[in-house]
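S.K.: Can you keep this structure in mind? I'll have questions shortly.
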Amino acid sequence: MPEKMTADRAGKSAPVKIEKLAAVKGMNDILPPDSARWEWLEDKVRGLMGRYAYRNIRTPILEHTQLFVRGIGEVTDIVEKEMYSFEDRSDKHGDHDHLTMRPENTASVVRAVTEHNLLYDGGKRLYYMGPMFRRERPQRGRYRQFHQIGAEALGFAGPEVDAELILLAAALWKELGLTDWRLEINSLGQPEERAQHRAQLIAHFEQHADALDEEARRRLHSNPLRILDTKNPAMKAVVESAPRLIDFLGSQSLAHFEGLKAILDANSIPWTLNHRLVRGLDYYNLTVFEFVTDRLGAQGTICAGGRYDYLIEQMGGKPAPAVGWALGVERVLELIKEQGALVEHPVPDAYAVIPEASALPVVLQTLQALRAAGISVQMHASATPEGMGSMKSQFKRADGSGARFALIFGADELAEGRVAVKPLRSEKAGSAQAQTLQPLNDVAAWAHMLCPDTAV
Ligand code: ATP
Ligand code: MG
């Protein structure tokens with residue numbers, strides 16, 4: 001049982017028994033071999049973002065609470081009940097900072113872009129990856145620390161950038177081998193258009209007030225659009241018969257939407273119009289979209305995005321249009337698993353078997369040279385201070401590591417300045433391949449034979 005020392009008031013230390021050390025509910029460890037899947041996904045994303053000329057941005061996990069209240073909106077699940085917020089210790093003036101662990105990253109990106117005047121010489125394409133924090137009820141596909149990858153294009157107004165972002169996401173699904181998704185789109189129009197719709201929407205819901213649940217009634221006048229987004233099946237009928245936003249759009253908004261659809265069609269990206277797809281706040285406008293799957297149960301949205309042309313101004317920046325999306329990494333990885341796509345676990349190219357501890361200085365020199373040459377080598381290391389362990393146990397470890405070769409640093413070979421290279425996977429390596437002796441002072445001459453590509 002681990003013990004922790006704490007200082008009591010008298011300054012003496014008293015051991016305090018910690019009952020059980022476990023991760024916080026809803027927050028997960030990502031362990032090997034699973035972490036390899038995360039790295040694989042992140043590598044794919046980095047490559048793809050580079051090809052679309054999106055550049056990486058990294059903002060702090062802690063921000064002023066007010067940033068999210070303004071950037072996400074007061075009448076939202078996140079701000080109403082999901083944020084991890086606290087008061088910082090007071091500074092020397094006695095002021096407390098109200099801080100929040102970011103529940104999403106768009107508000108922070110907008111803050112950073114404004115604070116550093118990033119749009120001074122034109123639009124910027126940015127992407128991020130990292131943990132987000134929301135105090136939701138943990139369940140499959142819904143955690144309290146979860147991870148998002150997001151892309152934001154700031155300073156561009158046309159539908160071609162909305163389309164670029166959707167094509168980027170579709171290209172990512174393709175690279176990841178994901179086929180089980182559908183794209184839902186909608187247009188929220190502009191604030192004036194939404195105001196007219198809003199009045200009729202409220203009238204409709206008032207007429208059917210008995211069909212609304214408590215949350216809907218509460219939001220009826222503060223955020224009626226968000227009622228359309230309800231997950232309550234009992235409200236299906238009242239929501240489906242509600243006035244449709246699209247019928248309130250003017251010609252400019254419709255032209256933007258048509259522009260997007262034409263590009264999607266030309267690129268054979270199938271989409272469906274979902275009239276209930278909304279964002280509840282005034283600074284969201286025009287395009288909204290979601291990538292959805294039926295294979296993950298209730299948590300079926302893997303990626304969500306849209307335009308927020310009024311947010312930058314709302315946050316105190318110079319007015320500039322913007323559009324972006326965020327995907328849920330856990331859900332995407334779960335979908336990959338669900339589809340049976342296999343991600344290979346990394347294995348070392350070689351395992352160093354070291355019969356005598358006295359050989360270690362030479363061995364580590366050789367391994368250093370091999371790794372510099374691009375070879376991945378796992379060194380045998382002993383769990384006890386008494387020597388390196390038997391050859392039998394070392395070879396068992398070598399096998400377990402998945403390495404394709406053992407490097408055997410026996411005393412006789414070392415005396416001749418050589419190391420024995422033994423293929424461990426004869427069925428793959430071909431039985432013709434036998435153990436060889438290689439010179440320690442010229443690693444470059446034989447390192448290549450350990451590579452997965454060259455080893456037959
Ligand atoms: P949902 O409707 O599932 O609650 P949301 O509208 O709150 O999603 P966004 O804020 O748009 O989600 O976040 C984008 C994506 O991040 C979601 O589509 C989802 O894939 C993922 N996501 C959101 N919340 C969580 C969470 N608590 N755990 C895991 N993934 C999440
Ligand atoms: Mg949510």
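All positions are counted from 1 along the displayed chain.
Positions of Cβ are set from backbone N, Cα and C atoms, glycine also.
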S.K.: From Arg89, Arg134, Arg182, Arg244, grab the residue that TrEMBL records in the same L-histidine site as Glu104, Asn105, Thr106, Gln148, Glu152, Arg279, Tyr283, Tyr284.
M.R.: Arg134
S.K.: Average pLDDT across the domain 'Aminoacyl-transfer RNA synthetases class-II family profile' (39-355)?
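M.R.: When the pLDDT values over the domain 'Aminoacyl-transfer RNA synthetases class-II family profile' (39-355) are averaged, the result is 95.
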S.K.: Would you mind checking how many other C-beta atoms are within 10 angstroms of the C-beta on Tyr284 (L-histidine binding site)?
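M.R.: So the number of other Cβ atoms within 10 Å of Tyr284 (L-histidine binding site) is 21.
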S.K.: With Cβ-Cβ distance below 8 Å and at least 6 positions apart along the chain, what are the contacts of Glu104 (L-histidine binding site)? List them in sequence order.
M.R.: Phe68, Ile72, Ile78, Met132, Gln148, Ala326
S.K.: Write out the long-range same-chain contacts of Arg279 (L-histidine binding site), meaning residues 6 or more apart in sequence whose Cβ is under 8 Å from its Cβ.
M.R.: Leu188, Leu225, Val288, Gly306, Tyr308
S.K.: Where ligand 1 binds, which of the binding-site residues Glu104, Thr106, Gln148, Arg279 are close by, with Cβ under 6 Å?
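M.R.: Glu104, Gln148, in sequence order.
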S.K.: When a 10 Å sphere is centred on the Cβ of Thr106 (L-histidine binding site), how many other Cβ atoms does it contain?
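M.R.: Within a 10 Å radius of the Cβ of Thr106 (L-histidine binding site) lie 22 other Cβ atoms.
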